[in-house]
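Comments concern the structure below.
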Amino acid sequence: MWLTKPSTPVSALLLLALALSPPGTQGRPQRSLAARVAELRPELFLPVTGTRLPPRASRSTEIFPRDLTLKDKFIKHFTGPVTFSAECSKHFHRLYHNTRDCSTPAYYKRCARLLTRLAVSPLCSQT
């Protein structure tokens, strides 16, 4: 049997009852989502018994201390014994401490070549 269309007075009464009803009874409650979820499923927030989460530090990647003499070791290996005169020390320090070639491990070989060229340049071999 087909349902008949509700009459106009019945639908008007339903709309009037909906408009006059107090807030919070018309659909969803007036609480925050977190309060509703916590009320419905408190077991979501509790850890499973018998299991223990590892501490945060052990889950992250370990950071090993960097060898500060690594740069010196690499450059001495590539250049051999190189000495700089007192007049050339300013240029050496600028190159050694302030360039990408001498501060990035991937470019240490290039740094060694630059330091070798600086050592034999006319600027540094004036003595």
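Along the chain as shown, residues are numbered 1 onward.
Heads up, the Cβ atoms here are built off N, Cα and C, so glycines get one too.
Quick caveat, the model's predicted, so the values are computed rather than measured.
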Of the residues C111, C124, which one does Swiss-Prot pair with C88 through a disulfide?
C124
Taking just the CA atoms, what is the gap between C111 (disulfide bond) and C124 (disulfide bond) in Å?
17
Whole-number Å distance between the CA of C88 (disulfide bond) and the CA of C102 (disulfide bond)?
17
